[in-house]
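The feature domain 'FAD/NAD(P)-binding' is assigned by TrEMBL to 3-329. Under the heading disulfide bond, TrEMBL lists 41-46. As annotated by TrEMBL, FAD binding site applies to 50, 114, 143, 144, 145, 314, 320, 321, 322, 323. Taken from TrEMBL, the feature NAD(+) binding site covers 180, 181, 182, 183, 184, 185, 186, 187, 203, 273. Here TrEMBL flags 348-457 as domain 'Pyridine nucleotide-disulphide oxidoreductase dimerisation'.
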Ligand code: FAD
Ligand code: NAI
């Protein structure tokens with residue numbers, strides 16, 4: 001079988017790349033080793049985690065906040081099995097959707113492990129051992145990432161779990177110990193805290209969400225602590241021992257060294273990052289270069305060092321985000337079709353889907369200071385936003401960072417209800433090179449949370465109205 005393009009992996013990077021290529025007239029096939037399409041994101045990542053975040057938030061609302069709204073529903077009872085089926089339905093709806101889209105766009109699909117047999121040749125090895133050879137002009141590797149392991153700690157997905165196991169627990173652990181205060185730790189920690197677990201997060205660094213704006217991290221940690229999550233920062237895990245009757249003993253000590261302490265937990269969630277996944281691809285046979293972190297090296301056109309082989313998504317450098325993978329998929333497809341695809345890495349929003357949400361785009365204050373860029377900061381708290389007050393969701397703030405000379409918006413950081421949606425207007429504004437004045441002079445509907453974005457933009461030039 002002969003193609004213009006074979007994409008290996010049908011996560012957000014791969015399936016979007018294949019659809020765009022087919023739209024542009026390239027004869028395209030995909031190879032996926034999972035039974036369903038959609039990759040990590042749809043099967044065991046973005047979608048199931050958001051379904052559980054949504055359901056557990058509703059449970060917490062009913063449990064703790066409905067009474068304040070004058071709604072008496074008594075004490076809600078958790079049916080975890082039902083909640084897990086709700087999650088599974090969301091996943092199935094999405095993965096089936098991708099299958100439909102691939103078919104609709106006439107992308108041929110092959111199930112099995114894709115191995116690059118040489119430039120222009122992809123071998124598909126099916127689970128039953130059967131194999132097929134696909135001939136193709138170009139290959140896009142979109143094989144994604146896998147859970148990073150903690151040396152000496154075995155993930156059994158029962159007591160010691162990765163995010164995949166934490167999305168499948170069949171009972172609410174009394175004590176959940178989370179290793180890593182990154183996105184997964186705080187999202188899934190929130191899910192199980194809302195459902196009744198005592199959650200302790202152990203983090204090696206002295207802050208949560210490293211990489212995000214420092215002030216945002218501090219305020220967010222304060223909010224989560226108020227909600228009942230305990231943090232042990234600047235602490236390293238030196239051992240995890242699973243007990244004979246279940247549960248685990250986790251030995252921790254200060255990151256800088258010092259006295260060790262043992263913590264007991266029913267379930268331990270290891271979420272210390274993810275690593276690029278290239279197993280079984282045959283990269284060494286064809287000589288595709290990787291960097292010291294195992295990521296496939298590509299140039300600005302997503303081309304590897306081997307002619308005709310490209311790579312996108314989690315398997316290459318950059319933030320491990322579904323929308324980054326998707327945009328790279330579109331860009332490489334357009335380049336292969338002779339167009340000029342492009343991804344603006346300066347404007348990739350990053351959202352943590354807890355309550356409240358955290359959302360960020362562009363540079364943090366720490367990055368601007370490090371790069372020696374003079375900036376003005378405008379901040380607006382949700383306590384001063386009419387809609388947030390009416391809704392009783394006043395935790396958090398919006399911070400706009402703008403170039404001191406040109407007023408161009410360089411970064412925006414939000415902690416607050418619906419921050420993930422609020423960040424979208426700022427991303428569009430930044431993509432168009434907007435100044436804080438542009439955002440400030442744009443009419444924002446009242447009463448909406450978006451007015452906090454406008455007020456933070458006004459605050460850059462010290463003329464916020466409502467504080
Ligand atoms: P993947 O989605 O990992 O897809 C790669 C696919 O390739 C897989 O289906 C795999 O089976 C297949 N594959 C691998 N090797 C082969 C082979 N040799 N042959 C055939 N097939 C192969 N990102 C967000 O933006 N928002 C979120 O809310 C979010 N939530 C997340 C929650 C969790 C718990 C996790 C773990 C991740 C989350 N992410 C989120 C990250 C997101 O899932 C990834 O950034 C995204 O899936 C990367 O897409 P990808 O296409 O590069 O790879
Ligand atoms: P992460 O990189 O976000 O966080 C890992 C955390 O673990 C960091 O704070 C790090 O300092 C800490 N850590 C590392 N080693 C440690 C150790 N030995 N002991 C204690 N702490 C340690 O990684 P995470 O949370 O596993 O997520 C993986 C990826 O998935 C992220 O890169 C993220 O982009 C993506 N993701 C995105 C989501 C979103 O967009 N909402 C949701 C979930 C995941």
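The backbone N, Cα and C atoms fix where each Cβ goes, glycine too.
For the domain 'Pyridine nucleotide-disulphide oxidoreductase dimerisation' (348-457), the predicted model reports an average pLDDT of 98. Residue 182 (NAD(+) binding site): 21 other CB atoms within 10 A of its CB, across all protein chains.
If you take the C-beta of residue 320 (FAD binding site) and look for same-chain residues 6 or more apart in sequence within under 8 angstroms, you find 145, 274, 314.
Residues from the recorded positions list (46, 143, 203) with a C-beta closer than 6 Å to any atom of ligand 2: 203. Taking the centroid of the Cβ atoms of 180, 181, 182, 183, 184, 185, 186, 187, 203, 273 as the NAD(+) site, the other same-chain residues with Cβ within 8 Å of it are 178, 189, 201, 208, 209, 271, 272. Among the recorded positions 41, 46, 322, the residue whose Cα lies closest in space to that of residue 186 (NAD(+) binding site) is 46. Of all the recorded positions in the record (41, 46, 322), the one with the smallest CA separation from residue 203 (NAD(+) binding site) is 46. Checked against ligand 1, the recorded positions 46, 180, 182, 186, 203 give 46 in sequence order as having a Cβ less than 6 Å away from one of its atoms. Cα separation, residue 41 (disulfide bond) to residue 322 (FAD binding site), rounded: 7 Å.
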